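J.: Sharing a structure here in structure tokens format.
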Amino acid sequence: MMPFLLIDFPAFKPIAIEIGPFAIRWYALAYICGIVFGWLYARSLLKNERLWGGPAPISLVQVDDFILWVTLGIILGGRTGYVLFYNLPFFIEHPAAIFRLWEGGMSFHGGFLGCVVAVMWFAYRNGIPILSLGDITTAVAPVGLLLGRIANFINGELWGRATDASLPWAMVFPNDPTQLPRHPSQLYEAGMEGILLFTVLAIMIRLGALKRPGMILGAFILIYGLTRIAGEHFREPDVQLGFLWGGLTMGMLLSIPMLIVGLILIVLAIRRGAPRPIEAIR
């Protein structure tokens, strides 16, 4: 018998907003709100010349234009990453399913690579420093991650590993065929990838990190890698993959290179030093 401390999973409706035939699901709403907040927050950072040590290297008009391309990078990269990293055999047999985004299946690591492509392409086309555009993009990203993980929780998906039912906040997820008490790992990840990461980056920005191109980008990559690996210890692996080698999950495997890349970017940003204001506007 399960103890009385076990928390009942809230009975959320799958549709967040419904007006006649028009419906928006929670995950789509998380994407929309995350992108809108990110755009507004990016504009506020760019308006504050003190944070950059002079005029920001990106104009408000440019960041307005960039939103479209980074959104495409997130969606196309996220879906492509899920197809390649998590369920390739299924999609080889059912290629039409690749385009059924409403059925779910997105990968952060794929979305991140899609954003990298969008940043590099847009920066090159508009004469913007790539590292500075990467800094502003990753500075706003944690809010989208927070909302995405909350949407995962509301949808009752990507739940955590089974745990002792005596854990005070253990939950039984309605869609779990085993009906075992589990860690609400979506909320753990929301706290680490969203709240913690946003707070650390915000503090770094206030301390002048945007004056060192690549610093925020490197910190985001490094800290996300650390928090994702930590969260994977509580998250149930995708059923079609299970555990890989030595207890590694796909999420861990894809996050390990982020630790190296993030650390390299931070070291290079420190060695490079803060540019003079005249250099920052090139």
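Every residue gets a Cβ built from N, Cα and C, even glycine.
Annotated transmembrane segment per Swiss-Prot: 19-39, 58-78, 104-124, 190-210, 214-234, 250-270, in sequence order, evidence recorded as sequence analysis.
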J.: Restricting to CB pairs under 8 Å, which listed stretch, 19-39, 58-78, 104-124, 250-270, is in contact most with the transmembrane segment (214-234)?
T.: 250-270
J.: Can you tell me which recorded stretch out of 19-39, 104-124, 250-270 has the most Cβ pairs within less than 8 Å of the transmembrane segment (58-78)?
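T.: Comparing 19-39, 104-124, 250-270 against the transmembrane segment (58-78), the winner is 104-124.
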J.: Under 8 Å between C-beta atoms and at least six residues away from its ends: which parts of the chain pack against the transmembrane segment (104-124)?
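T.: Distant Cβ neighbours of the transmembrane segment (104-124) are 27, 65-66, 69-70, 72-87, 130, 133-134, 137, 141, 145, 157, 228, 251, 254-255.
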